[in-house]
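Noted in Swiss-Prot for the protein shown:
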BINDING   His13, His15, Lys98, Asp246  Zn(2+) 1 binding site
BINDING   His15, Phe16, Arg17, Asn41, His135, Leu218, His250, Ala262  substrate binding site
MOD_RES   Lys98  N6-carboxylysine
BINDING   Lys98, His135, His173  Zn(2+) 2 binding site
ACT_SITE  Asp246  active site
Amino acid sequence: MQQITLTQPDDWHLHFRDNDMLLETVPATARTFKRAIVMPNLVPPVVNAELASAYRDRILAARPQGSEFEPLMTLFLTNTTSIDDIRAAKKAGVVAAKLYPAGATTNSDAAVKGIEALFPVFAEMAEQGMLLLIHGEVTESHVDIFDREKLFIEQFLVKIVNQFPQLKVVLEHITTSDAVDFVSASSHNVAATITPQHLLLNRNDLLVGGVRPHNFCLPVLKRSTHQQALRKAVATGSSKFFLGTDSAPHEKSAKESACGCAGCYSAWSALELYAQVFEELDALDKLEGFASHHGADFYGLPRNTKQVTLVKEEWTIPEVITLPNGEPIVPFFAGQTVNWALKA
């Protein structure tokens with residue numbers, strides 16, 4: 001196959017950051033995607049409707065001229081989030097709220113320390129039709145980092161799903177066979193996003209032959225058996241799994257340091273890399289559902305009407321991109337050859 005035409009895809013999980021970084025990240029995503037679920041872990045975090053609306057305005061201002069890209073805003077849940085916050089956010093057009101266990105990812109220190117305390121908020125979200133997006137890891141210091149996702153499912157996610165069967169839940173950026181099995185066995189109100197890095201890589205790609213900081217993300221890459229479970233899941237074409245890049249930019253100096261930041265900046269190549277994975281799996285016929293249909297259907301939003309075309313054409317991802325502030329950023333898969341290209 002030399003060409004694939006798809007309904008224009010959406011990215012159901014990414015990080016734009018803020019301020020002048022938006023001048024890089026927003027055009028990178030708008031190049032391919034019609035809509036994106038924008039994570040709220042700024043400093044300070046996006047904890048209410050007013051902050052979400054202001055952030056949306058900053059994103060819209062960074063769109064390329066003529067772009068129809070639409071940011072879909074989210075709320076950052078904290079222990080002080082109230083039912084009124086949820087109602088106001090829904091009224092302002094916020095589509096989802098994000099649950100971060102405290103310390104689980106970049107800028108999550110303000111996040112939730114006692115999940116059961118938020119049950120009244122979850123009940124209101126179900127009532128309002130607002131989705132719950134979950135970074136599914138426990139963060140206690142004694143827990144092995146490779147076991148965080150499995151234990152979160154066992155200790156918290158089962159309880160949330162059983163307690164609130166009408167609440168739509170997305171387990172974000174899943175990394176384990178445990179997550180695949182849980183989502184597959186759960187009701188139609190439970191789904192998951194999967195990143196390109198977790199389909200393409202496993203922990204050997206992070207640690208063998210030297211530490212590779214630009215492959216470091218959270219949740220951390222797992223062993224090959226978990227990677228294969230993710231690949232098998234997307235190859236089935238199940239509507240429970242859909243595209244969420246978790247594209248997360250950090251300046252080169254923040255990644256290449258004694259305590260490097262987590263995140264892979266994949267916006268410039270994500271769809272092409274997903275296509276490469278689906279081709280390897282002999283499942284290119286399943287790519288459109290994963291990239292363009294399943295997420296919109298789960299969110300209860302209309303599918304996009306425009307199309308994009310990928311052509312079989314080799315190109316090399318740049319070694320570095322210069323940010324608006326002049327600092328370099330290393331994109332995901334920098335310097336590597338990709339077999340599919342987005343047709344202009």
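Glycine residues also receive a Cβ, built from the backbone N, Cα and C atoms like all the rest.
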Of His13, Lys98, His135, Asp246, Ala262, the binding-site residues lying within 10 angstroms (C-alpha) of His173 (Zn(2+) 2 binding site) are His13, His135, Asp246
Note on Zn(2+) 1: the CB centroid of His13, His15, Lys98, Asp246 has further same-chain residues inside 8 Å, namely Leu14, Ile37, Met39, Asn41, Leu133, Glu172, His173, Gly244, Ala248
The correct three-state DSSP answer for His13 (Zn(2+) 1 binding site) is strand
Least Cβ-packed of the binding-site residues His13, Arg17, His135, His173 (other Cβ atoms within 10 Å) is Arg17
Arg17 (substrate binding site) sits from Lys98 (Zn(2+) 1 binding site) (Cα to Cα, rounded, in Å) at a distance of 16
With the fewest other Cβ atoms within 10 Å, the residue among the binding-site residues Leu218, Ala262 is Ala262
Looking only at the binding-site residues Asn41, His135, Leu218, His250, Ala262, His15 (Zn(2+) 1 binding site) has its closest CA neighbour at Asn41
